[in-house]
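Undergrad: Have a look at this one.
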Amino acid sequence: MSKQVKFKRTEANGDLPLPSYATPGAAAMDLRACLPDGAVTVEPASLVMLSIGFCVELPQGTEMQIRARSGMALKRHLMIPNAPGTIDSDYRGEVKVGLYNYGTEPVTLNHGDRIAQAVVADVLQVDCREVSDLSDTERGAGGFGSTGVS
Ligand SMILES: O=c1ccn([C@H]2C[C@H](O)[C@@H](COP(=O)(O)OP(=O)(O)OP(=O)(O)O)O2)c(=O)[nH]1
Ligand SMILES: [Mg+2]
């Protein structure tokens, strides 16, 4: 059985449907903008924080990742600066999406527009232990392109 995520509607959200998966195989559920005043315009080089109209309760051991929808990011020039946004399993506040307009034109968003998508994923919370030596590997300390380009 799939895990359950609880959504609590905010006072400002009278009508938005629950986030949902657009297709049976979708990895992420779409999140809509809750804009009680109807619309918001994001000016170039400006950031808006939009509510999705719900608070969430995630199962312990999971997180929600707030990711850009490709069309929003690549065609409408609205990116999520803190991508992926992290929703902790113990967070009970309103889920918000930050959108930054990196284009040159203002972008208007309307109430109910699908502004982002959310993946719920398992997470490991580990014990952090300090040591004086780490195990040897073929890579060692090589990184940042050390294995070549092509
Ligand atoms: O895009 C986001 C990112 C975060 N949050 C909420 C849920 C998350 O559980 C909480 C804290 O987020 P994060 O850990 O990324 O922020 P922080 O700067 O580390 O703040 P804190 O000290 O509260 O953890 O803020 C959102 O609503 N949207
Ligand atoms: Mg944090």
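We count from 1, first residue shown onward.
For all residues, glycine too, the Cβ spot is worked out from N, Cα and C.
What TrEMBL records for this protein is below:
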DOMAIN    17-148  domain 'dUTPase-like'
BINDING   ARG69, SER70, GLY71, ASN82, THR86, ILE87, ASP88  substrate binding site
Undergrad: Mean pLDDT, the domain 'dUTPase-like' (17-148)?
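TA: On average, pLDDT over the domain 'dUTPase-like' (17-148) sits at 97.
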Undergrad: By a simple count, how many Cβ atoms lie within 10 Å of the Cβ of THR86 (substrate binding site), its own Cβ left out?
TA: 12
Undergrad: Once near-sequence residues are set aside, which residues in the chain of SER70 (substrate binding site), 6 or more away, have Cβ atoms under 8 Å from its Cβ?
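TA: The answer is none.
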Undergrad: Could you give the number of helix, strand and coil residues in the domain 'dUTPase-like' (17-148) as assigned by DSSP?
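TA: Per DSSP, the residues of the domain 'dUTPase-like' (17-148) fall into 5 helix, 53 strand, 74 coil.
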Undergrad: Would you give the longest CA-CA distance, in whole angstrom, between residues of ARG69, SER70, GLY71, ASN82, THR86, ILE87, ASP88, the set recorded as binding substrate?
TA: 26
Undergrad: Measure the Cβ-based neighbour count of ASP88 (substrate binding site), defined as the other Cβ atoms within 10 Å of its Cβ.
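TA: Step by step: centre on the Cβ of ASP88 (substrate binding site), count other Cβ atoms within 10 Å, giving 11.
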Undergrad: Is it possible to get the count of other C-beta atoms within 10 angstroms of the C-beta of ASN82 (substrate binding site)?
TA: 11
Undergrad: Which one, from the binding-site residues ARG69, GLY71, ILE87, has the smallest tally of other C-beta atoms lying within 10 Å of its C-beta?
TA: GLY71
Undergrad: Ligand 1 is in the model; which of the binding-site residues ARG69, SER70, GLY71, ILE87 have a C-beta less than 6 angstroms from one of its atoms?
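TA: Checked binding-site residues vs ligand 1; flagged ILE87.
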